[in-house]
Amino acid sequence: MAQRVAPDGGNKKTSRVRVAVRLRPYMSKQDKKDEGPCVRGLDSQNLEIINWRNATETVKYHFDVFHGEQTTQQEVFLSSVKPILPHILNGQNASVFAYGPTGAGKTHTMLGTSEQPGVIPRAVREVFNLVKAKDEDEGWDYSIGMSYLEIYNEKVLDLLSPGSQDLPIREDKDKNILIPGLTHTPISSFSEFDKHFVPASLNRTTASTKLNQRSSRSHAILLIKVVRTQRAFPHRQQTGKLYLVDLAGSEDNRRTGNQGIRLKESGAINLSLFTLSKVVDSLNSGTAVRVPYRDSKLTRLLQDSLGGSAHSVMITNIAPEYKYYFDTFSALNFAAKSKLIVNKPFIRETVAVPVLPVKRSREDHEAGGSGTEPHKKRQKEEKKTEQDGSSPSAFFHSPSEPSVMDRLIALEKLMMSCQDKDRINMLKDVAQSRKEIQELKEKQREFESKARLFNRLAGEKSTDKEPVFKNNTVPLQRKQSNATKPIKQQAVVQPLQVSQLQPLQQLAVVKQSVCVKKKKKLSDPVEPPGGKENILENAWESQLNTSVLEQSRHKILQILNTGTLKELKGLQQIGDKKAKLILGWREIHGHFTKLEDLVKVEGMTEKRFSSFMKANILSAMGK
């Protein structure tokens with residue numbers, strides 16, 4: 001399980017979202033009124049835009065970085081993106097996403113061209129350069145992989161596997177966002193990355209509008225995952241992720257002229273961006289009870305970037321033309337709110353403790369290596385075990401299993417290799433493990449003593465015809481009753497289940513009832529475990545034809561493995577929520593090998609499974 005490790009010796013540090021604003025060059029001719037651009041830069045961090053309420057005034061903004069019209073792709077990368085990349089190699093997350101209205105240059109900033117590559121190719125190349133620059137003597141091995149997806153009409157699609165369907169978004173027990181079924185491709189060089197990335201980029205959905213000849217109709221997210229593993233014990237593993245996000249631009253359908261499918265796409269884009277704005281407002285308010293991450297799949301995936309644990313950079317792209325004025329004004333206001341968001345990065349680290357073989361016992365070590373006395377002691381214990389081999393305790397697993405000893409030895413090895421500041425904690429773990437072993441041994445001795453007493457009483461019963469315990473009271477007689485209740489046995493003894501043995505004070509009473517009980521004939525009906533309730537539950541299966549029952553079970557299994565959401569909801573006792581849980585389980589674990597695997601789905605107990613099978617098989621028989 002991943003352990004959250006705070007950087008810099010445990011001091012919890014925060015990281016504010018860095019916001020950079022990039023103004024693209026003036027693309028169109030002068031406006032009819034010859035008004036020129038509506039926004040201009042003042043210096044490397046400040047800009048101003050004309051106040052729409054009063055054209056003689058301007059509204060000034062201050063950001064971390066301002067990139068003017070003449071800024072190159074290299075300058076944008078060096079000043080805004082490159083400083084956060086080293087965090088990925090230390091097990092932390094980083095995120096870079098481009099925001100702005102349609103036609104403002106977001107895709108150019110993130111992808112660029114072959115002559116002027118954008119943020120994505122430069123960032124990936126820099127990650128490989130950082131890995132190569134690491135010294136081999138540090139004792140770490142690095143592996144890099146990539147995933148690429150798009151969010152189109154609120155559907156998560158895998159761009160590396162174009163034929164995939166809508167993928168679910170899940171959250172593990174450590175609050176990490178993951179996508180089951182998303183393709184993860186290992187890469188070892190930038191050329192190998194380029195070989196996978198370029199064809200996948202062509203799978204992204206684009207279309208032409210009145211404002212943009214090649215408008216992105218979806219949000220694209222590239223994930224670069226860097227895992228470094230320590231060669232020496234305890235084989236620590238740190239995982240860092242880099243999210244590179246190219247958001248689709250907000251659109252005014254009155255100016256884009258969208259109709260039909262373009263209008264539906266625009267609605268999905270604007271809705272997700274509006275949810276993103278609500279998330280930012282909730283984070284900045286400080287009093288919001290709930291941050292609406294789950295209201296959109298985009299905000300669900302950006303949950304780690306906004307208010308999460310990533311080092312985040314937002315590049316806001318704006319356009320200088322007056323026809324983009326209100327889009328530019330809204331984008332600047334959103335960027336000003338985003339720079340107030342504070343994230344809390346931490347290192348994601350997993351420590352693997354291997355199971356070590358136990359070559360020598362603890363007593364051998366304490367004997368100074370001679371091994372004479374412990375060896376004799378072990379021989380005596382083995383002989384004693386052989387003599388008591390007939391006792392029921394020989395069938396039980398010893399409480400002090402090898403796994404417990406392996407854990408103790410592994411903890412001692414880890415204690416010897418860790419630093420002094422962790423030695424106290426390791427000593428506590430070792431002491432706790434020894435205490436648990438001692439308690440288990442005491443319980444074992446107690447169970448063995450009870451089992452020997454039970455065997456002795458059972459042997460006396462077989463040799464003596466009369467009961468060992470004399471009882472002067474009149475034995476209990478069965479009462480005659482007109483009720484149709486089945487006759488229950490007075491006592492049922494299962495000798496191989498120690499957990500059901502009675503305490504010593506009650507053992508005599510139980511034995512007495514066993515001795516006075518009459519011997520049953522082989523022809524007498526024996527009541528199955530579970531009594532009348534179990535008989536009633538299984539009675540319906542015995543009344544069905546075996547071939548018909550097997551056909552019904554096969555049909556149900558086929559629906560569980562290949563059925564759609566609608567077909568799953570067609571089954572008895574399966575609603576919308578349960579059908580989605582079955583689909584999610586099937587996405588993660590694959591097909592059901594047998595019907596009994598259905599109990600592994602969340603919320604499906606043995607009792608509900610039995611009721612589910614009865615309802616569906618009887619329903620199929622009725623049809």
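In case you wondered, yes, glycine gets a Cβ from its N, Cα and C as well.
A TrEMBL annotation is a machine prediction, not a hand-curated record.
Over in TrEMBL, the protein carries these features:
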- 16-341: domain 'Kinesin motor' (DOMAIN)
- GLY100, PRO101, THR102, GLY103, ALA104, GLY105, LYS106, THR107: ATP binding site (BINDING)
- 359-400: region 'Disordered' (REGION)
- 423-457: coiled coil (COILED)
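On the structure: features taken from TrEMBL.
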{"residue": "GLY100", "record": "ATP binding site", "Cβ contacts under 8 Å, 6 or more apart": "LYS106, LEU247, GLY249, THR316, ASN317, ILE318, ALA319, ASP327, ALA331"}
{"residue": "PRO101", "record": "ATP binding site", "Cβ contacts under 8 Å, 6 or more apart": "GLY249, SER250, GLU251, ASN317, ILE318, ALA319, TYR324, ASP327, THR328, SER330, ALA331"}
{"residue": "ALA104", "record": "ATP binding site", "Cβ contacts under 8 Å, 6 or more apart": "ARG24, GLY249, ASN317, ILE318, ALA319, TYR324, ASP327, THR328, ALA331"}
{"residue": "GLY105", "record": "ATP binding site", "Cβ contacts under 8 Å, 6 or more apart": "ARG22, ARG24, ASN317, ALA319"}
(request) Would you pick out, from the binding-site residues LYS106, THR107, the residue whose Cβ has the largest number of other Cβ atoms within 10 Å? (result) LYS106
(message) Can you tell me how many other Cβ atoms are located within 10 Å of the Cβ belonging to THR102 (ATP binding site)?
(response) 22
(request) Using all protein chains in view, find how many other C-beta atoms are within 10 Å of the C-beta of GLY103 (ATP binding site). (result) 24
